[in-house]
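Data first, discussion second: the structure below is written as structure tokens.
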């Protein structure tokens, strides 16, 4: 899964996800599904914001090409992806400037057109179930909730989807592509089901035990559960695509 994430997502998103997991003391070598989920969530937040601006008349417009002569303001402030200290600094600044009520939990975005914070959700389950979980956690009518699924479904507060249909379709298409790519690599079942993930973990450990008596030297740079994998960077630049080679038991 880690190899897939590094190949599938923009290096900047991968780096932000790594920092987020490190900040919370989580090991991406072990919690690879969480690593993939964080990258997916980050990308959706960025796609949500992409190309959306507010012009001089205060109208929301979509601009896909940079125009240096246009006096435009980004419609959305991206809060997700920042470290907690900086994220709260941005939230406090927005509240002081706009008079918005300070949220109890860090939101993902702020919409300058609608003057509201937005919580973005990406779920592998039913959208309405995840929506209710988000709503029960946030307990604030001031924060707008928008949930996307990998099956193309979505749900938003008061059925207000904020973005135009084309922008939302772009997000849904990307999520569907991620799902298809995972499925083609045999990763989707373990990603969508914790039970399947545990089965895969046991399978990896069993493979490791079978290799224990061989002469194959296993890298200690990876977590115990994933020692049968030996990631090899093809260059030192983190913006390059990760290639991986898999250690196998030698034939007897």
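Keep in mind that glycine also has a Cβ here, set from the backbone N, Cα and C atoms.
According to Swiss-Prot, the feature active site maps to 80, 108. Feature annotation from Swiss-Prot assigns site 'Important for efficient shutoff activity' to 28, 65, 202, 203, 206; the stated evidence is similarity to another entry. Annotation source Swiss-Prot lists site 'Important for efficient shutoff activity and nuclear localization' at 195, 198, 199, citing similarity to another entry.
The number of other CB atoms found within 10 A of the CB of residue 28 (site 'Important for efficient shutoff activity'), across every protein chain shown, is 21. Here residue 108 (active site) is positioned 5 angstrom away from residue 80 (active site), judged by their C-alpha atoms. A gap of 22 Å separates the Cα atoms of residue 28 (site 'Important for efficient shutoff activity') and residue 108 (active site).
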